[in-house]
Amino acid sequence: MRNYLLLRDRLTQVWLNKYSITVTILTAKIVLFNYFIIRILRYTEKYAISSCNGLDQVNRKVYDDLPIFVNTLGNYMIRKSMLESVEASLRGLEILIDASEGLLGFLVDLYLGTYACLLISAVDGAVDVATNTTEHILEAVNNTLIEATRGLDDGLNDLTSLINKGGNRLSSIFKSDNSVAASLSKVNFTVKGLRNIHLSSKINDQLQYMADKVPSFDDLKSETKDLISIPFYHVKREITKVNAESLLPDTKILYLRNNTDTTLYPICGQYIPNIKKVYEHLIHILKVGNILVAILGIFIALFMAIPSIQKEYQESKRLNNVQDEVSQYIDNKEFMSSGDNSSLNYSPFNDSKFNLAESYQRNFNPIARWMTIKMGKYFGNDETEYSERLQFCMLYIFSSRSSTIMAMGLIGLITVAIQLIVIQIISNYLSNTGKVHIQLQASNDEINKMIKSDINLWTSLANQYVNGTEANLNTQVFGWITNTTASVNATVAHAVDKIEYILASSFNNTPLYKPMKTVVGCAILRKLISVENAMTWINNEAHIKLPRINTTELINIAGHTKMLPSSNESHMFDQVEKIVNIARKTALNELYVPLALIGIWLTQIPMALLLSWRRCDTTGKT
């Protein structure tokens, strides 16, 4: 029995060769990687379905409860803001009415008090001057007339005596003529009347009466203020009795969506079968890929056993070749002498002319030998030293250890390449699954459209509510302002008429009427007319305009703030894409290992060159 393995013994272990084991490890790596992706996809599928169901619940709450809550809150805020606006308007009106009443009273005091006082003082002074002047004139005239009468009386007395004397004589002549006697008597009577003539003091009395009758306007001022205060009093009393709630329209006009209107949910649930289909298709691809990789790996591993069998035969043949070379060398030795027993102890391993290692490398490293022959032909250098150095470099680079590093690096590159191919297949499939995305996006657009429709309806009814509040406020509250200004205008008109009546009754047909009317018109009437114009302007402008809700701005705000949650479909595909990206990054990170191994193997090239040049002789052992 031999103490070493024969060829048939080694053939029983050919399936344990390094190539089959490497292929098996490579296959297991790819299969495990695919199963890792499958498990992640399973988890993501469960997460997506769970999130989809959760999204349906959220959308149901959002679409059912949130709009109702927002409607209720918005309606409450609108009603509250309208109520506060009405109450603030009422309080402001009270202040405005008090201020207006005080201002008008001040104007009455100013125009009918100050100016009238000055005017009356001026008139009183003028009448007093006229009365005093008249008294002096009357006194001077009367004194002059009295003195003249006295002088005339003395002269006439003498004339009368003379005439009477002559008359006695003439009477005897004209006894039958009574006209002469009458004329004489008349002359005496005329003188008598002249004696009694003087200017009457009634003129002075009339002037004094006129001075006492100059109007003081006190009654007019009091009457005007009383008339002005009447509408203000009634307005303030009505405002204090106003209930702000009564000015607001019925809240039933405001829109409140019924939760039974919902017809779109489940939004995402109806697409769960499509989501499952996407994941199942991906998982099916990976499972089929695993089966194919496993089958292919088994066949490759079995196929790798064939080269191992061939290698065993070749190694056996190479071993025989080495043995033949040794035998041939021994046969060629010239030591065949019958008397010499040294041939019995001869060993080629001790012969310096026979290099057993070179024979082994030449027969057991065919790759290095083949590379040496090809490179020698390529560079066209057949020198022995160059050929030996090249052969040494090839043997060093493709030694068993270096070849193992190189093989591991290449296998790693192949593994990473297969993983990247699988990842790219999944990525391509995801890029072709936009149909579900379009369907879900269409559903999302439909929901947004319905939300916008609800917003339009709500804002329309809310604006109707604001319109009703504004109309009630302008009619029931600011209508009093209209009535008040109309009453003030009527009072002012009455005051103007009364002033004109007083002037007419006091100064008509007198020299003072025209200047008095001019002065009063300038000092008082123009001011009252200005007040009347101001009241007319207030009457035309006294109304409130409440702001309306802008539908476009509200929809834009809702769009900018992402008020409606987006569909879960994009989130689902984002998760799958993240997994694919993570797997791609993992594969790319694994690429560093085979590249590092290839880099280590490449470092053997400069080391081989360095060692080949440092060899002292080309025939030495390596």
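Glycine is no exception: its Cβ is also placed from the backbone N, Cα and C atoms.
What Swiss-Prot records for Asn132 (among others) is N-linked glycosylation site.
For Asn142 (among others), the entry in Swiss-Prot reads N-linked glycosylation site, with the evidence type sequence analysis.
Among the features that Swiss-Prot reports, N-linked glycosylation site is placed at Asn188 (among others).
Per Swiss-Prot, the feature N-linked glycosylation site maps to Asn258 (among others).
Per Swiss-Prot, the feature N-linked glycosylation site maps to Asn467 (among others). Using a 10 Å Cβ-Cβ cutoff, Asn467 (N-linked glycosylation site) registers 14 neighbours.
Residues or ranges marked as N-linked glycosylation site by Swiss-Prot on the basis of sequence analysis: Asn483 (among others).
If you look up Swiss-Prot, you'll see Asn489 (among others) marked as N-linked glycosylation site, on the strength of sequence analysis. Within 10 Å of the C-beta of Asn489 (N-linked glycosylation site) there are 18 other C-beta atoms, taking all protein chains into account.
Taken from Swiss-Prot, the feature N-linked glycosylation site applies to Asn550 (among others), supported by sequence analysis.
According to Swiss-Prot, the N-linked glycosylation site annotation covers Asn568 (among others).
Confidence annotation: the topological domain 'Extracellular' (1-20) carries a mean pLDDT of 68 in the model. Per Swiss-Prot, topological domain 'Extracellular' is recorded for 1-20 (among others).
Taken from Swiss-Prot, the feature topological domain 'Cytoplasmic' applies to 42-102 (among others).
Under the heading topological domain 'Extracellular', Swiss-Prot lists 124-288 (among others), citing similarity to another entry as support.
The feature topological domain 'Cytoplasmic' is assigned by Swiss-Prot to 310-404 (among others), with similarity to another entry given as support.
Annotated topological domain 'Extracellular' per Swiss-Prot: 426-590 (among others), in sequence order, evidence recorded as similarity to another entry.
Swiss-Prot lists 612-622 (among others) with the feature topological domain 'Cytoplasmic'.
The feature transmembrane segment is assigned by Swiss-Prot to 21-41 (among others).
Taking Cβ pairs closer than 8 Å, the transmembrane segment (405-425) reaches residues 22, 26, 29-30, 33-34, 37, 285-286, 289, 293, 398, 580, 583-584, 587-588, 590-591, 593-598, 600-601 in its own chain, all 6 or more past its ends.
Asn489 (N-linked glycosylation site) and Asn467 (N-linked glycosylation site) are 30 Å apart (CA-CA, integer value).
Same-chain residues lying 6+ beyond the ends of the transmembrane segment (591-611) with a Cβ under 8 Å from its Cβ atoms: 392-393, 396-397, 402, 405-406, 408-413, 415-416.
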